[in-house]
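Record features, source TrEMBL:
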type     : residues : note
DOMAIN   : 15-489   : domain 'Major facilitator superfamily (MFS) profile'
TRANSMEM : 17-40    : transmembrane segment
TRANSMEM : 52-72    : transmembrane segment
TRANSMEM : 84-101   : transmembrane segment
TRANSMEM : 113-133  : transmembrane segment
TRANSMEM : 154-171  : transmembrane segment
TRANSMEM : 191-209  : transmembrane segment
TRANSMEM : 245-264  : transmembrane segment
TRANSMEM : 284-305  : transmembrane segment
TRANSMEM : 317-336  : transmembrane segment
TRANSMEM : 401-423  : transmembrane segment
TRANSMEM : 435-459  : transmembrane segment
TRANSMEM : 465-485  : transmembrane segment
Amino acid sequence: DVVESQEHYKSRWRSIWIMYLTMFLSSVGFSIVIMSVWPYLQKIDPTADASFLGWIIASYSIGQMVASPLFGLWSNYRPRREPLVISTAISVAANCLYAYVHVPHAHNKYYMLTARALVGFGAGNVAVVRSYIAGATSLTERTSAMANTSACQAVGFILGPVFQTCFTLIGEEGVTWKFLCLQLNMYTAPVLFGALLGVINIILIFAIFREHRVDDMGRLYKSINSDGEGSDVLDQNTEGSIDHVAVVALNILFFVILFVFAVFETIATPLTMDMYSWTRKEAVFYNGIILSVIGIESVTVFMVVKTLSKKTGERAILHAGLLIVLVGFFILLPWGKKLPNIQWQEIKNNSIPRTAPSEMLAPFWSLPELQLPSNHTAEPVGCPVTQSWCLNTPMIYLAQYISSDVLIGLGYPVCNVMSYTLYSKVLGPKPQGVYMGWLTASGSGARILGPVFVSQIYTHLGPRWAFSLICGVVVVSLLLLEIVYKRLIPFSVRYGRMQE
């Protein structure tokens with residue numbers, strides 16, 4: 001056995017911390033412009049509508065879904081520094097492109113679409129990050145490392161909009177540098193800041209990151225992309241086949257977990273506007289506060305599950321997390337007799353324009369300005385009559401909504417960490433790049449399909465059908481977990497090299 005030296009231990013964990021930073025920057029790259037995409041799009045290309053905005057938002061996840069398996073495959077056969085540096089460089093270049101999408105005289109919206117897709121493509125390095133951490137940690141270290149990774153990702157999503165808010169102080173006009181053809185304003189400064197962070201990340205990868213590989217018991221050995229100390233003798237620990245039934249099941253469970261959370265994120269604004277007669281400004285403000293609290297709650301949960309999993313095991317916690325999510329969506333089912341307020345219920349003719357359901361379900365940053373009649377000074381509030389279910393579906397009480405937010409904010413991070421951890425343990429010492437790529441791709445696919453699903457079901461059938469179907473999906477995932485429960489064990493345990 002090769003005993004790990006203190007210097008090697010420090011180097012290994014320094015490299016893991018660089019991976020935490022990479023994960024953080026990947027999520028910041030998504031969230032730092034999300035609040036300003038719609039107004040910037042309207043400014044650079046008046047021909048763009050809300051439906052095109054949907055493509056721009058989705059392009060990030062599409063790019064990540066395509067890139068994740070490719071970068072994962074690359075990391076299986078070459079030093080991981082290569083895909084990490086190239087992917088981060090792509091994100092830096094894409095952010096710079098985003099800052100210059102105002103320069104062309106036509107088709108500006110397509111340049112923005114390309115820029116966001118490339119940022120997502122660069123974020124495909126998430127698969128490399130997860131596979132490296134899985135290979136550089138022992139079984140006893142794995143859960144804690146995966147929880148830290150997810151916490152860094154969550155903090156990135158939280159701080160991105162905070163950075164964006166700070167840059168609004170520059171204003172829409174900002175400063176123009178003609179010799180660079182660059183407008184430094186509230187729309188371009190965030191992405192240039194993201195590009196700067198990406199450059200720093202590349203420098204740290206070259207300066208600090210090193211390849212390290214340990215087996216499930218923490219012993220060193222070399223792999224094809226390792227440049228550190230190790231022993232070829234321990235390569236025998238990779239003998240044995242991966243349980244592909246467990247792998248497929250965990251991919252499905254991870255898809256469901258990301259799918260239901262994407263539904264939750266998408267439905268928050270239109271649901272509260274319909275049920276509580278909130279204006280767009282109120283919905284953005286209140287839901288922003290709620291989502292920030294949920295983000296803080298999630299980071300806390302990530303820290304707690306590291307300790308809790310040592311006592312109960314990952315499978316039991318994943319089961320509990322899914323049950324909490326199920327209860328969270330079950331609480332959202334409408335009950336009682338009180339109906340939501342209807343938009344301008346006293347107006348019986350069609351002379352007053354209504355907000356189309358598709359617009360009500362667009363993200364809050366994409367809502368177009370309503371054209372109000374001259375005798376109205378405020379935007380319409382309440383449930384639009386164009387959604388026929390508003391006339392017969394009871395409202396969801398605010399206490400229900402808040403309780404559901406708290407439960408989903410508790411269950412989602414638990415499921416997220418445990419699914420990643422179990423997945424890496426099932427794969428064992430085999431190269432995990434491609435497998436982690438598929439897991440990341442399944443999550444990206446869920447984030448694309450979730451909003452599409454809820455926009456159709458909620459608009460046409462209402463919250464009762466939408467949340468009932470989500471509850472059904474979670475119940476099916478719980479049944480799947482029960483079926484494969486005994487197979488979700490570490491690779492080394494499966495082949496008798498370690499005791500569970």
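For all residues, glycine too, the Cβ spot is worked out from N, Cα and C.
Keep in mind it's a predicted model, so treat the numbers as computed, not measured.
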CB contact flag for the transmembrane segment (317-336) and the transmembrane segment (245-264), at least three pairs under 8 A: yes
Cβ-Cβ under 8 Å with the transmembrane segment (113-133): same-chain residues at least 6 beyond its ends: 15-16, 19, 22-23, 26, 29-30, 37, 52, 55-57, 59-64, 66-72, 74-76, 80, 83-84, 87-95, 97-98, 101, 142, 145-146, 149, 420, 424, 431-433, 435-437, 439-440, 444
Range from 52-72, 154-171, 191-209, 435-459 with the greatest count of C-beta pairs under 8 A to the transmembrane segment (284-305): 154-171
Stretch with greatest number of CB pairs under 8 Å, the transmembrane segment (435-459) reference, 52-72, 245-264, 401-423 candidates: 245-264
Whether the transmembrane segment (191-209) meets the transmembrane segment (401-423): three or more C-beta pairs under 8 angstroms: no
Contacting positions for the transmembrane segment (465-485) when only residues 6+ beyond its ends and CB under 8 Å are counted: 245-246, 249, 252-253, 256-257, 259-260, 263, 267, 315, 318-319, 322-323, 325-326, 329-330, 332-333, 454, 457-458
For the transmembrane segment (154-171), distant same-chain residues with Cβ under 8 A (at least six beyond the ends): 23-36, 184-186, 189-190, 193, 288, 292, 295-296, 298-299, 302, 413
Intrachain neighbours beyond the transmembrane segment (84-101), with Cβ under 8 angstroms and 6 or more residues off its ends: 22, 25-26, 29, 33, 44, 67, 71, 108, 111-112, 114-119, 121-125, 128-129, 181-182, 188, 191-192, 194-195, 198-199, 201-202, 205-206, 209
Of 17-40, 245-264, 401-423, whichever stretch has the most CB pairs under 8 A to the transmembrane segment (52-72): 17-40
Mean predicted confidence [pLDDT] for the domain 'Major facilitator superfamily (MFS) profile' (15-489): 81
